[in-house]
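Taken from TrEMBL as is:
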type	residues	note
ACT_SITE	LYS12	active site, charge relay system
ACT_SITE	THR59	active site, charge relay system
ACT_SITE	HIS258	active site, charge relay system
BINDING	THR59, ASP60, PHE161, ARG178, VAL229, GLN230, ASN256	urate binding site
BINDING	ASP60, PHE161, ARG178, GLN230, ASN256	5-hydroxyisourate binding site
BINDING	ASN256	O2 binding site
Amino acid sequence: MASQVAAARYGKDNVRVYKVHRDESTGIQTVVEMTVRVLLEGDIETSYTKADNSVVVATDSMKNTIYILAKQVPVTPPELFGSIVGTHFIEKYKHIHAAHVDIITHRWARLTIDGKPHPHSFFRDSQETRNVQVDVTEGVGIDIKSSISGLTVLKSTNSQFWGFVRDEYTTLKETWDRIFSTDVEASWKWKRFNGLDAVKAVIPKFDEAWTAARDITLKTFAEDNSASVQNTMYKMADQILAAAPLVESVEYSLPNKHYFEVDLSWHKGLKNTGKDAEVYAPQTNPNGLIKCTVCRAGQKAKL
Ligand SMILES: O=c1[nH]c(=O)c2[nH]c(=O)[nH]c2[nH]1
């Protein structure tokens with residue numbers, strides 16, 4: 001053989017799971033809907049090189065396992081459920097040494113009817129999702145990255161961009177008042193957990209960190225008189241690190257969704273630029289894309 005398997009993982013993707021919790025005493029039901037991916041690694045090379053299926057846990061069995069565990073254990077917070085699922089696979093199968101569990105949780109917000117929270121009806125209030133990537137590695141521990149994705153925001157003033165490089169490639173005008181809109185992708189990486197018990201010991205921290213990350217993102221977005229996407233996202237990440245001591249790094253990826261002024265002066269001298277701008281043309285592409293990873297001072301982020 002002139003080749004060998006350098007890396008391999010396989011599993012089930014897009015496993016859609018819904019779980020309801022019924023509180024019999026109050027009649028209040030609570031629902032969770034998620035999309036799960038499980039990929040396994042281990043001594044599985046021979047399935048690729050020698051058609052040896054004896055090392056293959058069928059992806060169909062992985063799907064079944066996700067449903068069974070969802071029935072037997074809590075599916076929230078997703079950091080816990082991902083850790084339980086991943087740990088199950090490395091403990092159940094001797095030759096499986098790592099499990100990568102990705103969970104996307106979709107929003108089902110409770111409906112308010114006649115001013116009252118409805119006991120069993122919900123609506124999709126946003127395409128925003130809460131996500132986790134959980135890597136469970138035998139002999140190493142559990143690495144968790146939690147994130148917010150698809151949180152679309154816009155502010156109509158208090159965003160500036162000036163002082164940037166001006167040279168023979170530059171046409172962009174400096175601005176002290178522009179529109180800032182983005183789809184927030186924010187993630188926070190937890191310090192490594194030794195194992196499932198270490199995850200279970202801090203269960204409330206996961207919802208707390210998600211709430212803090214979301215609140216900080218929205219408050220800073222609204223209140224910062226932004227000098228740039230770069231500076232505003234750094235301020236967000238810095239506050240999340242301060243709020244969540246078990247988090248070792250925070251990452252943002254923000255598209256800059258441009259809104260261009262439309263010059264209408266050709267039509268009877270209509271004023272619609274600078275201070276007179278009211279009608280803008282939202283752009284789909286190209287868009288800026290600004291990213292950063294922020295860790296604690298003096299520490300190097302493990303990426
Ligand atoms: O906040 C911004 N950062 C940039 O790097 C950039 N570049 C650009 O053209 N507009 C902006 N805005």
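Including glycine, each Cβ sits where the backbone N, Cα and C put it.
Predicted automatically and left uncurated, TrEMBL annotations should be read as such.
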Given the active-site residues LYS12, THR59, HIS258, which one's Cα is the least distant from that of ARG178 (urate binding site)?
HIS258
In Å, rounded, how far does the Cα of LYS12 (active site, charge relay system) sit from the Cα of THR59 (active site, charge relay system)?
5
Would you mind reading off the Cα separation of THR59 (active site, charge relay system) from HIS258 (active site, charge relay system), to the nearest angstrom?
43
Of THR59, PHE161, ARG178, VAL229, ASN256, the recorded positions given in the record, which has the fewest other CB atoms within 10 A of its CB?
THR59
Which recorded positions from the set LYS12, THR59, PHE161, ARG178, VAL229 have a C-beta atom lying less than 6 Å away from ligand 1?
PHE161, VAL229
HIS258 (active site, charge relay system) versus PHE161 (urate binding site) - Cα distance in angstrom
12
